[in-house]
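A.B. asks: Below: one structure in structure tokens.
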Amino acid sequence: MIAGATAPSSQHEILIASNLIKKPSTSQNKTPTAQSSSGNNGAADGAPQGYHHHHHHHRHLWWPRTTDHQYWCVLRKNQFAYYKTRDEREAISVIPRFDILNFKISELDGILTVYTPSKDLIFKFPRGQNEKVGMELMHNWKIALEKFLSSPSGNESVTTGSDYDEEEDDDDLIVVDEKAGPSSSKHSCSLTMDEQLSREDKEFYRMFDPRNAEHQVCSGILYTKVKKKKLFNRAKWQKFNVELTNTSFNLYSFKTGKLKKSIKLDKIIDCIELDNNSKMKNDDTNFALITFDERLSFKAANDQDMVDWIINFKSGILIRKKLKAENI
């Protein structure tokens, strides 16, 4: 199904979702040197630049029936994910927008290939009630993927001004040890674990359990301050692709995807909303992440994103406190 109209500002807006049959992924021995443009619109020769075409030399793709697994696949503005079933809340795998290089749909074989730096994800479209239904599903996925690739990596809110700098340099340093300031009571997240569990189902909290295999909880775009050597170490707000898993919080270069900083969640003490200046619209979505030895200030795209990030961090902190109290 192609999603209906939703709020355009939502990074998690669903572009399309349907059942697809997954083939075991194929690894790439060589990472592409450049991201292919979406101008090929998923055509047969639309593999990302830097890929060899050795995996496209067969007219028909081999499909071992013993490995057929049908998953509920969801394409959002900022990520592609697939789930065991439509009702599952925890994804088997989530690939952020900046990790998806290109796609290819083979109408002859009914196969969708999604290219990432490390592997190719291959899915087969299930047979519809008739050929027309099957072709319509492929067409809808093609339209959704073209829209997905034509947008920037995630649905970011572009912020301008003298305190912002979109240019990245290898010697930029993320600013730490800032004064976090008093927390605001506007969005209080100081719930006990028992209160949280009584309000949410336990399956949701399994997402934050650090004992589980590492998996993505959420991802998006946040601004944080960096010291710019070219500006004599003056601090500027700069945007990063960020990812929160059940074990770590990672900041990646918005332009290159290179990991810039990783924080183990065991080191995080608290996450608080800063005492934001309501008179300045651009300064009312700031929050701070506090660890044992540093503090980092972040700016979200909007108020709801800020609240979501705080709640996600708080949830991870709370479940760790519970496990520690139970000596698990």
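Heads up, the Cβ atoms here are built off N, Cα and C, so glycines get one too.
So Swiss-Prot says this about it:
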{"type": "COMPBIAS", "residues": "24-41", "note": "compositional bias 'Polar residues'"}
{"type": "DOMAIN", "residues": "215-318", "note": "domain 'PH'"}
{"type": "REGION", "residues": "19-52", "note": "region 'Disordered'"}
{"type": "REGION", "residues": "213-328", "note": "region 'Required for targeting to the cell membrane'"}
A.B. asks: Restricting to the domain 'PH' (215-318), report the mean pLDDT as a whole number.
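C.D. replies: Its mean pLDDT is 84.
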A.B. asks: Could you count the residues of the region 'Required for targeting to the cell membrane' (213-328) that DSSP puts in helix, in strand and in coil?
C.D. replies: 32 helix, 54 strand, 30 coil
